Amino acid sequence: VLSPADKTNVKSTWDKIGGHAGEYGGEALERTFVSFPTTKTYFPHFDLSHGSAQVKAHGKKVADALTNAVAHMDDLPGALSALSDLHAYKLRVDPVNFKLLSHCLLVTLACHHPAEFTPAVHASLDKFFSAVSTVLTSKYR
């Protein structure tokens, strides 16, 4: 459960990210593919090379979904319901992949905003990404 301090940390960090969210989403997705090659199996139709426009575009979709989740932190299940359905019923993404991407998102944010990436912010973002992952995998049961 996200505390009020966690919510403040997440919103503040996301505000600082601003217009870079899509760029960071693409970078985190590429980092996921490089670090965890099995994640590539869900994207056989993508050009997965460094700097791929398809990876960047999908990374922007990820970032947009997270931006929506930040705006609706008090109702993540409602905000992410359609995305949860898509990943559970149509795409059938292995739930572990959300954790892997979350890790790569944390690394990407830490690389771009080291001064703001305090232990408290790290913990809050980790809890937030975990909450998002939990919602996205809730329909698997």
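Note: Cβ is positioned from N, Cα and C throughout, glycine not excepted.
Annotated in Swiss-Prot:
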type	residues	note
BINDING	His58	O2 binding site
BINDING	His87	heme b binding site
DOMAIN	1-141	domain 'Globin'
MOD_RES	Ser3	phosphoserine
MOD_RES	Lys7	N6-succinyllysine
MOD_RES	Lys16	N6-succinyllysine
MOD_RES	Lys16	N6-acetyllysine
MOD_RES	Tyr24	phosphotyrosine
MOD_RES	Lys40	N6-succinyllysine
MOD_RES	Ser49	phosphoserine
MOD_RES	Thr108	phosphothreonine
MOD_RES	Ser124	phosphoserine
MOD_RES	Thr134	phosphothreonine
MOD_RES	Thr137	phosphothreonine
MOD_RES	Ser138	phosphoserine
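Features per Swiss-Prot, on structure.
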residue : record              : CB count, 10 Å
Lys7    : N6-succinyllysine   : 16
Lys16   : N6-succinyllysine   : 13
Tyr24   : phosphotyrosine     : 21
Lys40   : N6-succinyllysine   : 13
Ser49   : phosphoserine       : 11
His58   : O2 binding site     : 17
His87   : heme b binding site : 21
Thr108  : phosphothreonine    : 22
Ser124  : phosphoserine       : 22
Thr137  : phosphothreonine    : 19
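Taking the Cα of Thr134 (phosphothreonine) as the reference point, the closest of the modified residues Lys16, Lys40, Ser49 is Lys40. Break the domain 'Globin' (1-141) down by DSSP state and the numbers are 113 helix, 0 strand, 28 coil. Cα spacing between Thr108 (phosphothreonine) and Thr137 (phosphothreonine): 23 Å, rounded to the nearest whole number.
Checked against the residue listed as 'heme b binding site', the modified residues Ser3, Lys16, Tyr24, Lys40, Ser138 differ in C-alpha distance, with Ser138 being the nearest. The shortest Cα-Cα distance between Ser3 (phosphoserine) and any of the modified residues Lys16, Ser49, Ser124, Thr137, Ser138 is the one to Ser124. Within 10 Å of the Cα of Lys7 (N6-succinyllysine), the following modified residues from the list Ser49, Ser124, Thr137 place their own Cα: Ser124.
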